[in-house]
Structures are given as C-alpha cells and as structure tokens.
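Enquirer: Provided herewith is a single structure, encoded as structure tokens, for subsequent inquiry.
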Amino acid sequence: MHWVKILGVALGAAALLGLGIILGHFAIPKATSPLTSSTSDSQDLDLAILDSVMGQLDASRIRENLRELSKEPHVATSPRDEALVQLLLGRWKDTATGLDSAKTYEYRVLLSFPNAEQPNSVEVVGPNGTTFHSFQPFEKNLTGEQAGPNVLQPYAAYAPPGTPKGLLVYANQGSEEDFKELETQGINLEGTIALTRYGGVGRGAKAINAAKHGVVGVLVYTDPGDINDGKSLPNETFPNSWRLPPSGVERGSYYEYFGDPLTPYLPAHPSSFRLDPHNTSGFPPIPTQPIGFEDARDLLCNLTGTSAPAFWQGALGCEYKLGPGFEPNGSFPAGSEVKVSVHNRLELRTSSNVLGIIQGAVEPDRYVIYGNHRDSWVHGAVDPSSGTAVLLEISRVLGTLLKKGTWRPRRSIIFASWGAEEFGLIGSTEFTEEFLSKLQERTVAYINVDISVFSNATLRAQGTPPVQSVIFSATKEISAPGSSGLSIYDNWIRYTNRTSPVYGLVPSLGTLGAGSDYAAFVHFLGITSMDLAYTYDRSKTSARIYPTYHTAFDTFDYVEKFLDPGFSSHQAVARTAGSVLLRLSDSLFLPLNVSDYSETLQSFLQAAQEALGTQLEKQNISLGPLVTAVANFKAAAASLGEHILTLQKSSPDPLQVRMVNDQLMLLERAFLNPRAFPEERHYSHVLWAPNTASVDTFPGLANAYAKAQEINSGSEAWAEVQRQLSIVVTALEGAAATLVPVADL
C-alpha cells in the first residue's frame, strides 16, 4: 500500500500547486493583481452581491444594446460583424465598466456565400426551354429593412453550384423514409427536383438523402402549418403579426458537421493543415435552394400524381400531391420542369472570437465560461442579438462592481462572443480545438445564451443533469415577468414539468443536441453545459421556432412589437443567467448535483430493458453489467453528496474543497470515448451523441440495435451492439470511479 500513500501525497501537492496557477494564456496583465487583503480561501457566494447584481440588470439598457446590435445586417466576417467585434472590445476595456482584459482570437475559415453578381434562381421551364415563371430571389421589402446591399439573398450555405433541371416531386421533410415512400408509390426519382419542407431532419440531410435516390436538386420551404399555425394571408402575417410572411425564407448552413470544414480537430490557423475543399465530406452533394411558402404554393398546388399521405399535408390551401411533374390543366404547361440555379461560392475568410476575462481571486485556474455568438444571417435581432444584448448587460454590471473594487469572483469568468456560428458553430469549435487540454483541465461549466427570448411566456432551460440544481436554485429567487407574483421557477413549472422520483413535480430540463455553441463543449470536451432562454406557450402555438427565424424579418421592431414589448423577458433571462453565473463562479462548493445524473441513467436503463432486452437475450447479450454499472454510479453519487454535506457543516481546508470540486467538475469528462462513434465528427459523449433510433436510451446502443434489427443484418451488426454496450458500461464504471474518494481506485 506504500504506493497509495505516495499517490495521496502527490495529489495533495498537485492540488496545492493548482491553487496558485494563473490563467496562463487567458491571463490579465500582472500589474493588476486580483488578490486583495480580503481574499480568503473560504470565499463563498455573497448573497448581498448577488442581490445587487439582480437589481442592477436593466431592461432599458438591454433594449438599447439590442437596437445597436441589430440595426444593420451582420453576417459572419462582414464589415458590420467586424464593427461589432470592436464594440465588444470597447465595452470590455471600458475603464468604468470593463473587465480585467479582452482580446480577439482569429481563425481562417471556409465560408459559403451567394454570388451577388449572379443570384440563385428557381424557374419553371417549358418543354421547349421557355421560362414560364421565375420565383422571387429576395424577400419582399415590407418594412424598409429587407432590401439593400448588405441583405444576403436567401440561400443554402455550402450547397454546391449547378443548374439542375427536372420534373418536380414532393418529398415531405426529405428524410430517408420519405424518399423510400415515394419509391414505394412507384415514382422514379432519377433526375427529379425534390420540394421538401423544413423539419424532421437537418437541412443538409435533406440533400444527402435526396441524392442517394437519384434526385438532382432540392428546394426547401417553411410550411405555414409548421410555423404559422396554418395562417398564411398577408393580413395574418408580419408586419401585422409575429407570423412568417409568405415571402419569408429561412436561411441556414447545410453543412452536416460543426467547426471549420477544412480543419477538423485542428484550430483554423493560417498555418494549419487543410483538407481539399472539393473532397470534403459533410457538404450537400447536389444544388439546394430555400424558397418562401408563397413560391412553394405555386409549385405544390400544381403538382400532379397521387395524393400525399395525410401526415405529409400542410397549410398551403390545396391538396398536396407527389408528382412527378405538373397537372396538365394547371398554371404551367404539361411537361414543364423546375430549374434550380445555384451559384454559391466558397471563400476563406477571417472570423474573430472576442473574449473578455475576469480573473478569479482564489481559483483563477478554474473557468466559468459564458458564451453567445455574434453573427447573424441578416439583422438577427432575435438570433443572436437578443443573447448578445443580455451578455453585454451582465458583463457591464459585473464590470462595474469589479472596477469599483467591491467584488471579484472566486473563480475566473470568461465572456465569449463567438464568430461564424451560423455556418456551423465555427468560432466556438475552433476555440475548443485550439485550447482543448486547457479547457478540459480547467473549465467548471459553460453557459450558453444564444437566442435569449423566443417569446415571453416562460423559461426554457436545457443542460446536462448536474446543472438542474443550480438553475432551480436561481429561478426560485427571481420574479417572473408580469403581474402573477410567481417566481420564474413557479411560472416555469406551469408550462413544462415532469414528475421526478426524487423531487416530485419539477420543471422539465431539456437535453442538449448540437444546435448552438454548447455543442463542442459537451460532445467534444465533456464540459457541463446549459442553454437558457425565454420562450412561448406551446399550448397556444405549434410553431417549431419563432416564425421569422433566419429571415430578413427578424428585426428590432419585430422583437419590441411582438416578442417582448417591455424587454422584461430579456431582463428575466439576464437575471437567471447572471445568478447561475455567480453561483458557479463564487460558491465555495460547486453547486452541481451529480446525483441528478442517476435519474437519467435509470431512465435510459429502463428503456433499454423494456425495448431491447428480449431481443438482446436471444443474441446472448446480457444487460446485467449495465444494471450493475448504473447501480454503482447511483451509490457513488449519493456517497459523494453525503460527503459534501458533511464538509459544508464543518470548516474544510482548501484541499478538501478543491478535491471535491474537481470531482464535480470532471464527472462529465468520464463519459467521453473518442472512439465510440468513429463516423460522427466531434461526438465523443456516450450519453448525448445523436440518437437516430426510436428508443430513448443510450444512443450508441440504441443506434446499433436498430441497425442490427434491419433485414439481412449479420453477426457483425450484433457484435457492434455488444461493443456499444461495453462502451456504455465502461463509461459508467469510470464515471462512478471519479466520484469515490480521490485516493481510491
């Protein structure tokens, strides 16, 4: 046992050394030491400071931030985007309200833009080559803000150039199952153009699926049944309501992965190795173009052929048919085809992240990162500027306290404004690739506030299970907007809730996919993360997102008139995010409850037993080791929780606090296995990787099982099921091991 004693001494020495580590690459100038005579190793959350911050977060300042941020289009790397870089630097270097330091990090990344001299187009062409109808290349200028040289034409970023022409078919949401259904209906898809609607699968997946079946071009539109509760008339839509107008077109990246396409797993520095852009995976294989539902109606309501299935029908005021081609007595001559002309260009551009830093007084080498992306497709008042407006207000209030000398956090706070998010989470991913080791070793948590306000009904929170407790604690102390007198927590539970076997009725915490800048932090680095926003009442609308998402109608006036007239919901998000930020950066013991993972694991286990268990037994694959691993994790998490409670009742020395906090911080990393999903770029988290199966359980196991169930699957497929089961069991055992006393194995 002598080696155990040596290990214990080494761990203690390492922890002592850790208390003295500074931020290194993210350090503030040495002349402005953060340490004061009042600094104590036992520094804890100061409730008076917390109350002061809550009181100073100002809705009117958030409003003015948003007006400034969204007054011009600011697509990534544009002159206005770079002007906002300087705005952020100026705010964070302000002598009265700024932070300790601020700087930019630049990356040379591959972006995709439409050709201003040769706009993309969609036409109906007759059998003799005559163009009978050309669809509008831009959205209608309804408020004077939808036109001008800086308003990008609607396009599918990273779709390849080309001018395919063919008979039109309707392919619903463009899933693999949708294209198989068309073939089941006897439709030959070879050489056709597919009209699809947003939803169901990712943007890029629609084109990838289409190409597999011989389709040569894809159109994508937003159906009013999916976004407008079926409303589509001009007097029912923007600018007369919050609904998407008929000419509105959702832009977006059609790249399948995240990060710079040419430098996967490497930061996109000028000197970095780059892939050949012509042989890079993840791009749409065929020309693709989004259109408005006004244009989609002209196409879809003139299609011939069999009626589409009931669940493929939408709200364009006609019966949707499958095609191919148009009705002979419709608006277009018999035999007419659709021509899709895409002239997108790939360009290497320099994109900037902006980081503002407050160095911690006690544990400067422990980071709480708060991030939001800066770039938009057009004005981006909601996405992302509502989040940037909140970020700037939180940093102003904390910066003011910092400059007055009345407060400095226990741990370091890093504010991040990410670049080029809309093209595939590029800025945040490049940052994690550049500082992978440092961030994995030192980051406590990542807070993401992308869109801060979808609407003004209730909080929507997503995150990994350990953040549930800190979000609940914060929201119980903050009043919800309006006159209800409820806390944000009590208002939230009215709209979305679940019954926990441990806590009873609680608000529902959603899971994190890969839809915003938390993706690389969760899936690549294994960092505890969350995403916070205010949203709408889903009992009153079925909209899949706020209706003007990624269009030229997402403007300041849209926010002020329809989403949050008094900006009280923006203020509520600022208070929630600010409270969570302070609790994570200032609390002596990290307010992360690892036992909340036990509920998730038990739920996954139960789903696997019920849906997969019988068939697995037939293949001589036992879930017994998984049952044991889940039980061991639950026991270890509960034991650590009891240990923390005991320490909180005493006067623990700094080493004890540091060791426990490191266990809480590092738990998420234990779920990483970079070889678990070799086909999935950047996905290493065995609990939160993409689950394409219908069973809500461990994703690798669910996906492998679904594939093994396919016709003609052989022993190799079931071997992969066994491998994925072993990966999960090993991860859970490793996670449990991180929670036991640090000198034990």
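Even glycines carry a Cβ here, placed using N, Cα and C.
Here the structure is a predicted model, which means the values were calculated and not measured.
Annotations for this protein, taken from Swiss-Prot, read as follows:
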| type | residues | note |
| --- | --- | --- |
| TOPO_DOM | 1-6 | topological domain 'Cytoplasmic' |
| TRANSMEM | 7-28 | transmembrane segment |
| TOPO_DOM | 29-745 | topological domain 'Extracellular' |
| CARBOHYD | Asn128 | N-linked glycosylation site |
| CARBOHYD | Asn141 | N-linked glycosylation site |
| CARBOHYD | Asn235 | N-linked glycosylation site |
| BINDING | Thr263, Leu266, Glu430, Glu433 | Ca(2+) binding site |
| CARBOHYD | Asn279 | N-linked glycosylation site |
| DISULFID | Cys301-Cys318 | disulfide bond |
| CARBOHYD | Asn302 | N-linked glycosylation site |
| CARBOHYD | Asn329 | N-linked glycosylation site |
| BINDING | His373, Asp383, Asp450 | Zn(2+) 1 binding site |
| BINDING | Asp383, Glu422, His550 | Zn(2+) 2 binding site |
| ACT_SITE | Glu421 | active site, proton donor/acceptor |
| CARBOHYD | Asn456 | N-linked glycosylation site |
| CARBOHYD | Asn497 | N-linked glycosylation site |
| CARBOHYD | Asn593 | N-linked glycosylation site |
| CARBOHYD | Asn620 | N-linked glycosylation site |
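Looking at the shown structure, can you explain where the listed features end up?
Expert: For the topological domain 'Cytoplasmic' (1-6), the model's pLDDT averages out at 37.
DSSP classifies Asn128 (N-linked glycosylation site) as coil under the three-state reduction.
Close to Asn141 (N-linked glycosylation site) in the fold, though at least 6 residues off in sequence, lie Ala147, each with a CB less than 8 Å from its CB. Mapped onto three states, the DSSP output places Asn141 (N-linked glycosylation site) in coil.
According to its DSSP assignment, Asn235 (N-linked glycosylation site) is helical. In sequence order, the list of same-chain residues 6 or more apart from Asn235 (N-linked glycosylation site) whose Cβ falls under 8 Å from its Cβ is empty.
For Thr263 (Ca(2+) binding site), the same-chain residues 6+ apart in sequence whose C-beta sits under 8 angstroms from its C-beta are Val109, Ser272, Phe273, Arg274, Leu275, Glu430, Glu433.
Sequence-distant neighbours of Asn279 (N-linked glycosylation site) (same chain, 6+ apart, CB under 8 A from its CB) do not exist here. In three-state terms derived from DSSP, Asn279 (N-linked glycosylation site) belongs to a helical segment.
In the three-state DSSP scheme, Cys301 (disulfide bond) falls into the coil class.
Using a 10 Å Cβ-Cβ cutoff, Asn329 (N-linked glycosylation site) registers 8 neighbours. The secondary structure of Asn329 (N-linked glycosylation site), as reduced to three states from DSSP, is coil rather than helix or strand.
When secondary structure is read from DSSP and collapsed to three states, His373 (Zn(2+) 1 binding site) falls in the strand class.
Under a cutoff of 8 A between CB atoms, and with a sequence separation of 6+ in the same chain, the neighbours of Asp383 (Zn(2+) 1 binding site) are Ser376, Asp450, Ile451, Tyr549, His550, Asp554. Asp383 (Zn(2+) 1 binding site) falls outside any helix or strand according to DSSP and counts as coil.
In sequence order, Ala76, His373, Arg374, Asp375, Pro384, Gly427, Ser428, Asp450, Ser516, Asp517 make up the list of same-chain residues 6 or more apart from Glu421 (active site, proton donor/acceptor) whose Cβ falls under 8 Å from its Cβ.
Classification of Asn456 (N-linked glycosylation site) by DSSP places it in coil, neither helical nor stranded. Other C-beta atoms found within 10 angstroms of the C-beta of Asn456 (N-linked glycosylation site) number 21, with every protein chain shown included.
Packing around Asn497 (N-linked glycosylation site) is summarised by its Cβ count: 13 other Cβ atoms lie within 10 angstroms of its Cβ, all protein chains included.
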Enquirer: What whole-number Å value do you get for the CA-CA distance of Asn302 (N-linked glycosylation site) and Asn329 (N-linked glycosylation site)?
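Expert: Given the Cα positions, Asn302 (N-linked glycosylation site) is 9 Å from Asn329 (N-linked glycosylation site).
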Enquirer: I'm trying to understand the geometry here, so how far is the Cα atom of Leu266 (Ca(2+) binding site) from the Cα atom of Cys301 (disulfide bond), in Å to the nearest whole number?
Expert: 48
Enquirer: Hey, of the binding-site residues listed (Glu422, Glu430, Glu433, Asp450), which one tops the CB count within 10 A?
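Expert: That would be Glu430, with the most Cβ atoms nearby.
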Enquirer: Can you give me the residues near the recorded Zn(2+) 2 site, meaning same chain, not Asp383, Glu422, His550 themselves, Cβ no more than 8 Å from the center of the site's Cβ atoms?
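Expert: Neighbours found: Arg251, Gly252, Ser376, Trp377, Gly380, Pro384, Tyr549, Asp554.
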Enquirer: When you rank Cys301, Asn329, Glu422, Asn456, Asn593 by Cα distance to Asn620 (N-linked glycosylation site), which of the recorded positions ends up on top as the closest?
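Expert: So, of the listed recorded positions, the one sitting closest to Asn620 (N-linked glycosylation site) is Asn593.
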Enquirer: Of the recorded positions Asn128, Cys301, Asn497, which one sits closest to Asn329 (N-linked glycosylation site) when you measure Cα to Cα?
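Expert: Nearest by Cα distance to Asn329 (N-linked glycosylation site): Cys301.
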Enquirer: Using Cβ-Cβ distances, find the residues under 8 Å from Asn128 (N-linked glycosylation site) that belong to the same chain and are at least 6 apart in sequence, listing them in sequence order.
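Expert: Those within reach of Asn128 (N-linked glycosylation site), by Cβ under 8 Å and sequence separation of 6 or more, number none.
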Enquirer: Of Cys301, Cys318, Glu422, Asn497, Asn593, which is closest to Asn456 (N-linked glycosylation site) if I measure between C-alpha atoms? They're all recorded positions.
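Expert: Closest candidate to Asn456 (N-linked glycosylation site), judged by Cα separation, is Asn497.
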Enquirer: How far is it from Cys318 (disulfide bond) to Glu422 (Zn(2+) 2 binding site), counting Cα to Cα, in Å?
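Expert: Just about 34 Å between their Cα atoms.
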